[in-house]
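Structure, as structure tokens:
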Amino acid sequence: MMEAIKKKMQMLKLDKENVLDRAEQAEAEQKQAEERSKQLEDELATMQKKLKGTEDELDKYSEALKDAQEKLELAEKKAADAEAEVASLNRRIQLVEEELDRAQERLATALQKLEEAEKAADESERGMKVIENRALKDEEKMELQEIQLKEAKHIAEEADRKYEEVARKLVIIEGDLERTEERAELAESKCSELEEELKNVTNNLKSLEAQAEKYSQKEDKYEEEIKILTDKLKEAETRAEFAERSVAKLEKTIDDLEDELYAQKLKYKAISDELDHALNDMTSI
């Protein structure tokens, strides 16, 4: 019975150490996830500053958003792994607690048997006194029984001491398990906080994606307007060229008319001079 209890205590101790190691691992993974979340927040802040720059860098913002989404998925996976680890720790702690309950039940049974053994020893002692009163000739046998009784008492005392030590170790293990459970609960709480932060990061990413989509739509609109203006410019240039050719033709027509007018004026002056000369000749006659 004592060997079984010792083995069970060693197994419980190993289980406790494994639980502590897994709890520390969960805390380390949680810390790593928090650092990844902080890194994502810093990257988001950088992206928000870049989005305030110029619309010409929308392609770069789109690539940065893609990287941020990949990192967010990695952080979510880390958080999910940490939550699974915490759940595993909780299941492990529950199993250890159940094992402790069974050990306590076995200890209670052993203590009850020890009490029965002590009662049997007392009855044996009373029987020895009866035998001593009934027959002094059985002194040698009585001495042997007395030695056996002392050995039984010694064994009972040793068993009592070992059971007390087992009970004390069980109390210590229960305290360690309670502290481990508190650490696991704290890690679970941290994971919940990290999950909330990751939700906020996801919302920020969605907002940035919406802004990028908005800028993309504005860029398409600007390109369409530029195309329309370019077509209008080409049309205006064509009309300007046509107008220039028309003006050149009109200017040439005006020049021709002016030349013709000048020629008519010269012709008119010549005719006037001839008329004046004819009138003068007629006057002279």
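These residue numbers are counts, starting from 1, taken along the chain as shown.
The backbone N, Cα and C atoms fix where each Cβ goes, and this holds for glycine too.
Per Swiss-Prot, the annotated phosphoserine among residues S189, S246, S272 corresponds to S272.
All protein chains shown were included, and the count of other CB atoms within 10 Å of the CB of Y262 (phosphotyrosine) stands at 10. Rounded to the nearest whole angstrom, the C-alpha distance between Y262 (phosphotyrosine) and S207 (phosphoserine) is 79.
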